[in-house]
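This report refers to the structure that appears directly beneath it.
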Amino acid sequence: MIEFLTDPWQLPFMQRAFAVAAVIGLVCGVIGVYVVLRGMAFIGDAVAHSAFPGVALAYAFEGNLLLGGAAAGITTAVLIAFVSQNRRLKEDTVIGVFFAFAFGLGIVLVSTRDSWTTDLSSFLFGQVLAVSAADVWTVAAIGAVLVLMVLAIGKELVAVSLDRETARAAGLPVFRLDLALYVVVTTTIVMSLEAVGNILVLALLITPAATARMLTERLWAMTLLASLIGCTGSVAGLYVSYAYDLAAGGSVVVVLTGLFVLTWCLAPRHGLLAKLLQRPDPSALASAGR
Amino acid sequence: MADSADPLLRVTGATVVLGGRTALEKADLSVDAGELVGLIGPNGAGKTTLLRAVLGLVPLAAGAVTVEGGTGRRAGRLIGYVPQRHEFAWDFPIDIAGAVLTGRTRQMGWLRRPGAADREAVQQALELTGLTDLRRRPIGELSGGQRQRVLVARALAAGPRILLLDEPFTGVDVPTQELLNELFGRLAAEGRALLMTTHDLAAAARTCHRVALINRTVVAEGGPDLLADSDQMLRAFGLDRAIGAVA
């Protein structure tokens, strides 16, 4: 058992993988709280996918993948924020069209290279075992800035999340706050791409926060729990992947989802089991109807 | 109205065009300190649009809104808004005291944590709305009447002189109606100006000092007995034309 825990740490590439997974899990947990509470899951998906052509373009021209992805992702996020200010347009339709296009464009761009099938799979599923020491530090530094940013504008984000119109009437810059949140979410996604890939990053963003939501009615507790779940889930996923020689990114997502399902069934107040055991009372019905 | 000084809130010739449709046309209305005015009219008559115009959430195509004779940002700070209950994210993980505190976000300023003045204001707002004992309850677990009180408390926490209330009586139980009735009366008596929209004619007749009938513009205004004037009511609800068409 001890060997199971210490063994992977003998390997430098596993040390780096653990470090980067822990940081990404933690940061995604914190940022994911707002993604979940604002119902931005689909937007996050769109941004993750639209970062892809940027990464592909940077790859085709041998530029910085992180910067390419960030540029494409943030452009999309700003466009979505702008389009969604107009209440008459169905936001999800626009996003649906846009991210499918971005994804297709990315594949076309990658396919201009000879070795494209292997490269494609590393973009889509990440290469957590191949991160460098510099990558670990970059992710840690960016992650710290993102978490600080969200904490700094936390009270304004809460006011806008609760009630946009009243926040706007009170004079809060609602559009700029939306924009800031979109840019933070996009940067979080792009910085996580290298480790977990385009498709799996969404699970890191949403699953820990969704799990935490089942467990608490306090925002600070939800934030703390989400970062804890994201961090330990990612590390645990890497152990599973190492022990059974499975794909790293996929293992992380499977472990996180396992925690979510477990919580969904067993959460003390809002879990399936708790609901079955307690007689329905009005307050439980009110919260179930949300 | 008869006062020689500026009324606390005055709307003159307010015209609002939404998506090419004139939602409000040359509406005139004023509310004095100490007054509770009911805004009565059918669905789509522009009740909420008038409130939103006062708040600056929709642009005026013509006309003006003045608060204590002034306009602009300073005027906006004197106004508190109590939206309809469905405008609020009741599934957010926050308790009553936290939700009420968000009413002071602007007063606190960027990067600041709540200070003594903020906590004091929240406590007073909770007391006024009878929510002190429930302050730690998550907002997801409240009844309709309690939710309405949370929205009123949040508006009060900012210390407004004018309170705009959108359908505060819709879907709340009788004890809450009585509590709100009594609260609105007290807030007016303390020198605030209250303007509320409502469908509920009986509640308006009981509560309001004055009513304004609105149907794209202010059709008539006067004491609550106006609600018993069938000609004026028919006009406000657009039934005079319907009756004329039949005849």
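Glycine is treated like the rest: Cβ placed from N, Cα and C.
Pulled from TrEMBL:
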- A:17-37: transmembrane segment (TRANSMEM)
- A:57-82: transmembrane segment (TRANSMEM)
- A:94-112: transmembrane segment (TRANSMEM)
- A:124-153: transmembrane segment (TRANSMEM)
- A:179-207: transmembrane segment (TRANSMEM)
- A:219-240: transmembrane segment (TRANSMEM)
- A:246-267: transmembrane segment (TRANSMEM)
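If you count C-beta pairs under 8 angstroms between the transmembrane segment (A:124-153) and each of A:17-37, A:57-82, A:94-112, A:219-240, the highest count goes to A:17-37. Ranked by Cβ pairs under 8 Å to the transmembrane segment (A:219-240), the stretches A:17-37, A:57-82, A:94-112, A:246-267 are led by A:17-37. Beyond the transmembrane segment (A:57-82), the same-chain residues lying 6 or more positions past its ends with a Cβ under 8 Å from any Cβ of the stretch are 43, 46-48, 50-51, 91, 94-95, 98-99, 102, 109-110, 112-113, 119, 123, 138, 175, 178-179, 182-183, 185-187, 189-191, 193-194.
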